[in-house]
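Beneath this line is the structure, given in structure tokens, with notes to follow.
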Ligand SMILES: Nc1ncnc2c1ncn2[C@@H]1O[C@H](COP(=O)(O)OP(=O)(O)OP(=O)(O)O)[C@@H](O)[C@H]1O
Ligand SMILES: [Mg+2]
């Protein structure tokens, strides 16, 4: 597949003002028409990566490179970034209850985004809002636009959130755990929606804890651990044949969908390192059962097969 | 809608009734004190005492006395001050009300504008020296006694520096009605209302700053940024929208209590013949009918303002409209 390269993150590092390094050099790629699932334990830096792409981390110093359609986003002036944000790159957040302003109607908030980026009248914006809500499967969209966030169910709110994110037809949609706060049936509907968006040609970056979600909605997956991407590849390949010991452990910790349930699921012993006590070598080495002496030097993320990249000494040529 | 309005009005009536009973009891039904003598003032002749006793029904049961009193206050409006040579009390309060209203409206204007500017500026520039300076100034304003500030201002603008170019425009103490001269009215109220607004400005700026800063941490503000809104829009449109609820409720209550006579010290210092000064005089001369009238006037104002604030609240926050409290 030689689709247009939409997002190319190379060695993205993020430092706190005191020098603590939160991201250790994240590398990711995403093409138009693909959906990249980003998985990893809590605190591995998934949200930070997403927020860096949005340019929404003013307090943190970023270095490395984020190329979006060939444009460098790291250290882009906020004025320029603002034109992209919401228009070309949009984001959906985990909790649709708190993500909307509670004191204004859903419609008014979607109108606002449209009018921030396009010179249209209030009425035209509202017409577009209603159209979007309808496309997202919101029943009686004209009425729903007049409602306030607390008057809608969680599922409808998240649909409205997606409608808002899509209001300016972004090329890249970032969804940070969009279904975590929703029940299973609603979750499936939202994932279907995301798949449609991707099939229409947008790139989707889907952050989640849930391998099941990745399998359902994504074409590619990146596994993050302690501020690094340790494995990256097409979903089927990675799920069928995980290469990095951390990915293997992560997949082994999920109960199988069919067949007998094992007595006990294997868990990964130990805790992921915090940003202050990250090992200088491979970040997973302290918990890895294949650890060897070469692990004292951090392995780079290298391409070992067509489209598959892994950062582990086991696969060094 | 109509039903909730009616129930609201009923509640208000009930509260006002309760307050009137309470005030009446405190002043007229205190055991061991003869209200007749207190109304008549010191050294009244027995004939006057007898007339008052008959007029107010002090020889009859308490409920009758209460009804008489309310009738004199609200229906016939001929409650008379004996201390003050037969002055009718209710018209006195009514003519003092516009003075207080003008003063408080001006002061409210200054403190809202001032606290918005200071609060937003120090929130945006948080932890910078500007923020620290503004907050220290706010604290000073907050803790400066209004009568002292008023006296100092009077000292400089009325006598010490009155003849310099800076303060030559300052009129002598007192009030000029709006109908007589709008410019004179504004001039006579400028310094008093600024004085009155200083402490409120400090308090409100501090409240706004902390509310605004906590609002800026909310998810919905992150969403606003993600939509591509610029900093001015994020702070002023989204941020203020989230943080002005407690500001508004506090404002309503302060505004009402000032109208009800809470601007007493300012009015006395600047010799403005408002409700506060009337209350002050009534207290100083123990003029019972006048105290009764001003206290009732204040109570009615606070209750009405409270209802207005509740209404405004519902207008500002749809969750309250739907009977869902809190976030
Ligand atoms: N503004 C910040 N200042 C300091 N530390 C931060 C900041 N934001 C995030 N961190 C830290 O960076 C690490 C990564 O955070 P991040 O939110 O990206 O994790 P995540 O992978 O999204 O986790 P989760 O699955 O829980 O959402 C965490 O250890 C977090 O404590
Ligand atoms: Mg996260």
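Any Cβ shown, glycine's included, is placed from N, Cα and C.
Just so it is clear, the model here is predicted, and its values are computed rather than measured.
Annotated domain 'ABC transmembrane type-1' per TrEMBL: B:101-309, in sequence order.
Residues or ranges marked as transmembrane segment in TrEMBL: B:12-30 (among others).
Proximity of distant same-chain residues to the transmembrane segment (B:103-125), defined by a Cβ-Cβ separation under 8 Å and at least 6 residues beyond the stretch ends, is recorded for 131, 134-135, 137-138, 189-190, 192-194, 196-198, 200-209, 212-213, 216, 231, 235-236, 239-240, 251, 255, 258-259, 263, 266-267, 272, 274. The annotation transmembrane segment is assigned in TrEMBL to B:103-125 (among others).
As annotated by TrEMBL, transmembrane segment applies to B:132-150 (among others). Sequence-distant contacts of the transmembrane segment (B:132-150) (same chain, six or more residues past either end, CB-CB distance under 8 Å): 118, 121-122, 192, 195-196, 198-199, 201-203, 205-206, 209, 265-266, 268-270.
Long-range contacts of the transmembrane segment (B:189-208) within the same chain, counting only residues at least 6 positions beyond its ends with a Cβ under 8 Å from a Cβ of the stretch, are 102-104, 106-112, 114-116, 118-120, 122-123, 134-135, 137-144, 146, 149-150, 153, 157, 170, 175, 243-244, 246-247, 250-251, 254, 258, 263, 266-267, 269-270, 272. The feature transmembrane segment is assigned by TrEMBL to B:189-208 (among others).
Per TrEMBL, transmembrane segment is recorded for B:244-270 (among others).
Residues annotated as transmembrane segment in TrEMBL: B:290-316 (among others).
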